[in-house]
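Input: a single structure, listed below in structure tokens.
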Amino acid sequence: MAILYALVARGSVVLAEFSSAATNASAVARQILERIPGAQDTHVSYSQDRYIFHVKRTDGLTVLCVADDTAGRRIPFAFLEDIHGRFVKTYGRACHTAPAYAMNDEFSRVLSQQMDYYSNDPNADRMNRIKGEMSQVRNVMIENIDKVLERGERLELLVDKTSNMQGNTIRFRKQARRFRNTTWWRNVKLTVALILLILIIIYVVLAFVCHGVTLPSCIR
């Protein structure tokens with residue numbers, strides 16, 4: 001499961017974006033931004049082959065991400081909710097007047113960090129299970145992208161599988177490193193416990209010896 005691309009936009013004006021893979025998701029996302037119907041708040045998802053474009057629009061601000069279809073809905077929309085809150089908290093009313101890419105230098109790093117967290121950290125899903133699935137997400141229907149874009153004008157989403165494999169390799173290395181660290185700490189704890197046990201035994205034996213009592217006589 002992975003979130004491959006994300007953006008924050010006002011209408012069709014992109015304010016910040018980040019892609020974790022070599023893909024044309026940015027071009028496809030712009031087509032979607034221009035065709036999302038109405039100006040009211042909305043939660044919607046559009047599928048294209050194995051990938052789904054998840055969109056959250058609130059108070060004129062649109063947050064969009066692209067995830068593979070194994071991600072389901074809860075994680076992508078939790079990610080969008082998180083990004084929307086962080087963006088509004090950071091920039092406030094400035095996001096309603098800022099020019100294109102005004103926040104990209106700074107906020108693209110936030111997108112990168114949170115994409116990695118929601119894609120790889122099991123705590124991301126655990127926290128959302130504890131909070132409960134957002135009610136609006138339960139009602140999100142995943143429609144085919146042809147519903148919003150004409151078949152003749154839409155772009156096919158292209159994802160560089162080599163780049164995707166590199167991302168999977170990085171995630172595997174992180175998980176392997178985390179496993180090694182966990183194993184190392186477990187071994188350290190066992191070693192310390194064993195040393196403490198040996199010290200206690202030595203202390204008890206010395207205590208008996210110092211009092212002139214041998215262990216066999218104590219046993220008798």
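Using the three backbone atoms N, Cα and C, a Cβ is placed for every residue, glycine included.
Nobody curates TrEMBL annotations by hand; they come from automatic prediction.
Features reported for this protein in TrEMBL:
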| type | residues | note |
| --- | --- | --- |
| SIGNAL | 1-16 | signal peptide |
| DOMAIN | 7-111 | domain 'Longin' |
| DOMAIN | 126-186 | domain 'V-SNARE coiled-coil homology' |
| TRANSMEM | 187-209 | transmembrane segment |
### Query
What parts of the chain pack near the signal peptide (1-16), using Cβ distances under 8 Å and only residues at least 6 beyond its ends?
23, 25-26, 29-30, 33-34, 51, 60-68, 70-72, 75-76, 79, 83-84, 87, 95-96, 98-104, 106-108, 111, 114-115, 118-119, 159, 164, 167
### Message
Just to confirm my parser: what is the rounded mean pLDDT across the domain 'Longin' (7-111)?
### Response
89
### Task
Over the span of the domain 'Longin' (7-111), count residues by DSSP class, listing helix, strand and coil in order.
45 helix, 35 strand, 25 coil
